[in-house]
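For reference, the structure is listed below as structure tokens.
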């Protein structure tokens with residue numbers, strides 16, 4: 001986390017010197033300053049993520065992965081010699097804090113782009129700022145709302161999956177396989193609600209029977225009081241629609257209560273860091289979706305290259321799912337800028353829209369109407385046996401190929417197709 | 001509500017008792033310390049968390065869970081002794097808010113030290129092999145480990161009761177709780193009694209943390225929310241009353257459990273509603289002595 005540790009005074013001193021130097025040069029020759037500018041001005045990418053708070057582990061991994069994208073870009077010569085720089089800020093998982101940091105990044109640090117956020121509410125807050133200021137924002141956490149016309153602007157891009165795609169893919173895989181009687185255990189906020197909606201939409205095609213949607217407050221530490229009722233309902237499948245530590249505790253306690261004996265547990269997003277933190281026992285046999293798992297390197301050369309570079313830069317560790325999004329979010333913008341030959345917003349937007357890319361997880365592209373990255377969803381199952389190493393925790397059991405049919409239609413989001 | 005059977009209600013009650021067992025263990029230490037020392041120990045949650053982390057550490061060294069059940073309370077209890085001797089003792093006689101602020105700050109220091117030493121991400125804590133899985137208790141399947149937690153809480157309570165009622169040191173503790181001045185006049189070293197009480201209280205908190213670890217895993221912040229609940233239990237039971245802490249702990253567990261079955265959206269508020277009702281009827285709680293706070 002070298003970038004985040006940088007004191008703000010360093011930056012202001014440098015820009016002060018830069019301004020003074022430029023001023024001095026301006027007095028000498030208006031020609032030389034143009035050359036100086038082209039070489040000196042780095043491409044700045046603001047990166048607000050929740051370094052502190054419950055998703056700190058994921059956020060730090062996002063920073064590590066974003067550093068990989070920056071390093072690759074700079075080694076390849078940058079944009080005609082212009083290097084890129086990552087400005088990491090802690091948004092503390094708080095929409096207000098995130099909006100303030102984003103505004104500072106734009107006004108004070110003069111960033112060219114913003115990539116980041118790790119919560120539906122926070123990304124909408126950042127997006128509000130960036131769309132008003134006309135700065136491109138590439139969001140790297142899940143949200144359905146960000147695709148909708150009310151929040152969308154041409155400056156808004158969404159590299160992450162959205163709940164509709166994720167829950168949809170998991171539902172399409174699990175409902176025909178494990179049964180039609182479904183119960184939900186849902187964290188009572190936007191993320192949980194959007195995931196349940198995604199499962200329901202996918203379930204319509206299969207004809208699932210919903211037994212109950214049991215809500216719990218975010219940040220719950222005990223689910224034992226909700227589990228006897230779920231057991232009594234006798235569902236075939238229990239969809240556990242929560243995130244982070246809530247997911248870990250819910251899975252652990254459901255395991256203890258013996259729910260796995262006759263109920264298949266599925267989650268929309270099955271978290272890599274969560275699996276490491278909660279252990280094999282709790283996650284054993286659980287199926288979920290993910291935007292990235294390092295194990296896909298057997299299938300995709302781009303994933304192999306990304307993993308290898310990440311391992312080299314970060315003591316042999318592999319990137320997590322949300323970490324990889326940090327890479328994807330920064331990489332796409334830098335490559336689009338390179339394509340456009342400029343960092344000017346309009347030109348980069350056009351280049352992003354034209355991008356057909358495979359940087360780390362197989363083919364992807366941004367849908368024109370809502371700038372949602374169309375990409376594959378991996379269905380993974382947590383395993384306890386035949387682990388090759390500490391990081392080998394999931395089997396990829398299915399892959400839903402990139403397909404616009406699995407997204408909500410442009411019309412239904414309020415866009416003109 | 002569909003599918004509501006007697007078995008389900010029974011199972012739900014039982015779940016509440018298991019939940020209450022952890023509250024009881026935490027509240028009993030709080031109550032003991034408050035009743036004796038009139039110290040409102042805000043670091044109690046941090047000691048609870050410390051218990052879980054010492055368990056993680058001992059297991060990593062190659063210890064087993066059963067050994068931890070003995071070693072963890074002793075190790076953390078010893079830390080408690082040091083805290084009482086060097087941090088809290090100088091504050092006696094200065095009013096109730098001094099130790100309160102000290103322990104409040106101390107809880108932040110402990111949590112931060114654990115974050116530095118063990119990282120922010122938390123650790124898995126597998127249920128000990130012997131206690132894995134669920135057993136049929138006649139009304140449905142119930143996790144074996146939660147039954148063990150109820151039993152462990154029972155054993156601790158029995159031990160504590162025997163210690164307080166049947167030993168001469170226990171007699172001094174009870175006398176000291178009633179009137180420390182007279183006890184001092186009788187030539188008893190009250191400072192030593194307080195030291196031991198604080199050690200016992202923190203040791204039991206650590207044991208509660210260790211017992212909770214296989215239920216929810218281990219993170220530095222795990223002592224925060226449960227401390228609030230433990231305070232509610234102590235207040236409902238009556239500050240300083242051990243019997244009150246036991247009854248109120250089980251009651252709070254059952255109230256949380258039943259409200260999550262019938263009115264799930266009220267589950268989180270239900271314990272505070274319970275506290276409000278009890279305090280309206282009996283401001284000192286079930287068995288509290290009036291005037292202890294003044």
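Here the Cβ of each residue, glycine as well, is placed from N, Cα and C on the backbone.
It should be emphasised that the depicted structure is a prediction, and the values quoted were computed from it without experimental measurement.
Look at TrEMBL and you will find B:12-35, B:42-60, B:66-88, B:100-123, B:143-164, B:193-219, B:231-257, B:269-287 tagged as transmembrane segment.
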Ranked first among B:12-35, B:66-88, B:100-123, B:143-164 for CB pairs under 8 angstroms with the transmembrane segment (B:42-60): B:100-123
Most Cβ pairs under 8 Å with the transmembrane segment (B:193-219), selected from B:12-35, B:66-88, B:143-164, B:231-257, B:269-287: B:66-88
Interface-richest range of B:12-35, B:100-123, B:231-257 toward the transmembrane segment (B:143-164), CB pairs under 8 Å: B:12-35
Long-range neighbours of the transmembrane segment (B:269-287), counting only residues six or more past its ends (CB under 8 A): 229, 232, 234-239, 241, 243-244, 247-248, 251-252, 255-256, 259, 263
Stretch contact, the transmembrane segment (B:12-35) with the transmembrane segment (B:231-257), Cβ-Cβ under 8 Å, 3+ pairs: yes
Intrachain residues whose Cβ lies under 8 Å of the transmembrane segment (B:231-257), provided they are six or more past its termini: 12-13, 15-21, 23-28, 30-32, 34-36, 157, 160, 164, 177, 267, 270-272, 274-275, 278-279, 284-289, 292-293
Folded-back contacts onto the transmembrane segment (B:66-88), same chain, C-beta under 8 angstroms, at least six residues removed: 37, 39, 43, 47, 50-51, 54-55, 58-59, 99, 102-103, 106, 128, 152, 194-196, 198-207, 209-210
